[in-house]
Amino acid sequence: MFDGFLDDLKRMNKRQFLYQVLSFGMIVSSALMIWKGLMVFTGSESPIVVVLSGSMEPAFHRGDLLFLTNYEEEPVRVGEIVVFKIEGRDIPIVHRVLKLHEKNNGTIKFLTKGDNNSVDDRGLYAPGQQWLEKSDMVGRARGFLPYVGMVTILMNEYPKVKFAVLACLGLYVLVHRE
C-alpha cells in the first residue's frame, strides 16, 4: 500500500506534485481560518470541545460535541454549564456552576460540579484554589451534537485508529485523484 503511494509520487511530474501540495495547504489553511473565525465570533479560545468523561451525564455523554461562547459582558449564572481550564492541566473540564461567590470589590467567583459526581470540583482545582474565576473559563455550552466527538476520543485512546483513518484518507485521495 505504502509502496504504491511512493510509486504514484514518483510518476507525478513537478507540476502535479506542486498542485497536490498546494491543494493540501489550502485545505489546512481554510480549516485554520474557519477555526480562527469561530474564535472571534464566539469569543472563546476553543469554540468546539468534546466531552471526554461521563461526569455530566445525563445532560451530556462521553463523545458529545459542545459549541461554546464566552462573551465578556455575560455574567456567570448558577446552573449553566461551563468549560474551564485548571492551571497545570491541559484538558478543559465541562461542568455545571453550583455556587457563586461575590467579593466586596465586585468580582465574582464560582464553584462547579459534574452532574454525575457526588462532590464539587474543589478536588480538581489547582492546589489552594477554592473557586474559579472568569479568567479560568473557556466558554459556556450553547449547543451540542450527540456522540460526534467519539472519533476524536477513539483516535486519542487508540493511536492505531488514527493511522487507519489517515491511511483511509490517503487511499481515498489516490483513488479519486483527477
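Using N, Cα and C of the backbone, Cβ positions are placed for all residues, glycine too.
Note: TrEMBL annotation is automatic and uncurated.
What TrEMBL says about this protein:
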DOMAIN    38-122  domain 'Peptidase S24/S26A/S26B/S26C'
TRANSMEM  17-35  transmembrane segment
Across the domain 'Peptidase S24/S26A/S26B/S26C' (38-122), what is the average pLDDT of the model, as a whole number?
94
What does DSSP give as the helix, strand and coil breakdown of the domain 'Peptidase S24/S26A/S26B/S26C' (38-122)?
7 helix, 28 strand, 50 coil
